[in-house]
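Asks: Structure below; questions to follow.
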């Protein structure tokens, strides 16, 4: 630098001996120099145990008091590894598919800089802190360290069911008048804190236990199972370490937040992120996008040719304000470019192609969209509505497997026909609610019958399995669409009866179904007993539901003690006033077409309502977990009590099970 100019060069008039500056000995060779001036006190090196000179205050560990040990239960902040670091948004910039304030897919999004209500924010934070503090004593994670890093299908399903059970419970306990209500975020944070997650190790490509076509109703669900680790940003990245560190994109979410071209089932034109600061006006880009963070990772993935997971977000056909996310499989980035957006600013564009040979996912949704526009495109359509108008939503009949023109004749009835209802031992009265029954209102007699705990969330989702759910009856003065009449208001999803390849006729839905959603009831004629086949005599009723059978137990409810002041430990064992057997052979509804599975996605729940001092019990079917469109709906038929009691392992009278589940029992009936 000698003779140079600038801030790092020495002034020309200054000269110095460089050897004196550079001749520096290591610190370990220096000898301490003690003061020798007669005006200063002599240097004293006191032993650890003293005595100490005047004016010296001992400190730990030299005879001083020991400091208080750290509180191991207190949450500490540890530095995040580089590969999990996400750069903060700058100048209020909005990430893809998210909000500048950090909320996720909220129905209404506030402009940047406008604070939320202080009281609501404090209340939400207080509620979450209390919920986190009590989520301990009875909560057993049951997930090993290896399963937390790398899961499988069983662990993924377990995590998702636990999340939704907790979310439903929190939704039920929240104040419906509170504007800031995010039970999904609260549930996700509790499970993250407790370690109830899987696939925490980031990876390129397939995520163990997550299947193509899986649907998610909340972004936090995808984080808990390792599919997409960003709760807000649309591009998820990871650092790949090697000779040169590289930032790669591992997954993206395309849900309409930016100007994507997402109509093609195999090609996605994806817009980069950035340049947008107003979440209420996503099309008002005010700055050029920059080649940084997610955009840089996408560019690196183009050159590396690595696989990128694609999640497509669409509007929920059941709830206009909600979104459904479907995992569409693996894509590769084919090319990238920069183009002018509608506002005149530069936007990064990436063309992704779906890898061939993968199961259909988004393509199924596109087909259903065409069917809704006109039945002419539906292959194998036999009847547009086999209910002949008995249901408020038509149920189509389809066979694209063989030439059979439909099932054996039966009369379609939308509800169960009683020979005689159950007589109540004590007089019972309906509620006195004049509008809709409200959660927590103990003046409502129907609430009291449910133990003071409202059975459904605000959007009509069952909160938990119960021995018996009590709904409002015909004599209750509450409005017809009261949330405590869920099973009495007919079908909520668009169903289809279809011909299976090897199990006769089956039932599936055009709509995605959220866990806890009411699907249908089992309608038919209540009978006293089931006909049995003995040496070829008599006739089996293949369309029968029998509550006296033995059903495989399973856990669906939220773990007790995990929610503040929630000691709800309701048993999941059913308690029906009297055995109930329903035959749908001659008269029934769509439930008669639901096939058996040893690993079902639907469960039954007894529901009762009362009228004129009599109790009417229905068998209602609810979704056990999230069910993607066009997935067959199945439930466990159970086994007869005589076989269980006698220990009879013979297969006489039983049917071979073809469910194909890894836990298949081999037979049913």
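Cβ atoms here come from the backbone N, Cα and C positions, even for glycine.
Residues annotated as compositional bias 'Polar residues' in TrEMBL: 7-16. The annotation compositional bias 'Pro residues' is assigned in TrEMBL to 38-51. Taken from TrEMBL, the feature compositional bias 'Low complexity' applies to 52-63. Taken from TrEMBL, the feature domain 'YDG' covers 205-354. The domain 'Pre-SET' annotation in TrEMBL covers 429-490. The domain 'SET' annotation in TrEMBL covers 493-638. The domain 'Post-SET' annotation in TrEMBL covers 653-669. According to TrEMBL, the feature region 'Disordered' maps to 1-21, 33-126.
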Asks: Do you know the DSSP helix, strand and coil residue counts for the domain 'SET' (493-638)?
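Replies: Result for the domain 'SET' (493-638), in helix, strand, coil order: 4 helix, 55 strand, 87 coil.
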Asks: Count the residues of the domain 'YDG' (205-354) that DSSP assigns to helix (H, G, I), to strand (E, B) and to coil, and report the three numbers in that order.
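Replies: In the domain 'YDG' (205-354), the DSSP-based counts are 18 helix, 58 strand, 74 coil.
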Asks: Tell me, roughly as an integer, the mean pLDDT over the domain 'YDG' (205-354).
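Replies: So the average pLDDT across the domain 'YDG' (205-354) works out to 88.
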Asks: With DSSP as the yardstick, break the domain 'Post-SET' (653-669) down into helix, strand and coil residue counts.
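Replies: Within the domain 'Post-SET' (653-669) the tally stands at 0 helix, 4 strand, 13 coil.
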